[in-house]
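Novice: According to TrEMBL, the feature transmembrane segment maps to 12-43, 49-71, 78-98.
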Amino acid sequence: MDVKERREGRMKYGVLVVVVVVVVVVVVVVVVVVVVVVVVVVVVAVVEVVLVVVVEVVVLKVAVVVVEIIVVVVLEEVVVVVVVVVVVVVVVVVEVVVEVVEVNE
């Protein structure tokens, strides 16, 4: 009985550690995505302001629009990759937890 209780306690501790690691990874990924988005938005805004203030030329305005379009496309790709990575990590963790629970039963 004592060994069984210790094993169950270790299993609960292991599952808790896995859940905490997954939560930390998801939070870190979300923070990184937010920081990247903020940096890109600030860079685009600064480039746009500098280009508009320095030279009011139609070609430069078109260039700013092209840069903004490129940035939006890149951000969409980054967000898709991050979402896929998070989903894969969560699926793997759930599979591991299910296997641990099945083995301990």
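Every residue, even glycine, has its Cβ placed from backbone N, Cα and C.
Walk me through the surroundings of each of these features.
Specialist: Residues of the same chain lying 6 or more positions beyond the ends of the transmembrane segment (78-98) and with a Cβ under 8 Å from any Cβ of it are 15, 18-19, 21-22, 25-26, 29, 32-33, 36.
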Novice: Is the transmembrane segment (12-43) packed against any residues at least 6 beyond its ends, judged by a Cβ distance under 8 Å, and which are they?
Specialist: 71, 74-75, 78-79, 82, 85-86, 89-90, 93, 96-97, 100-101
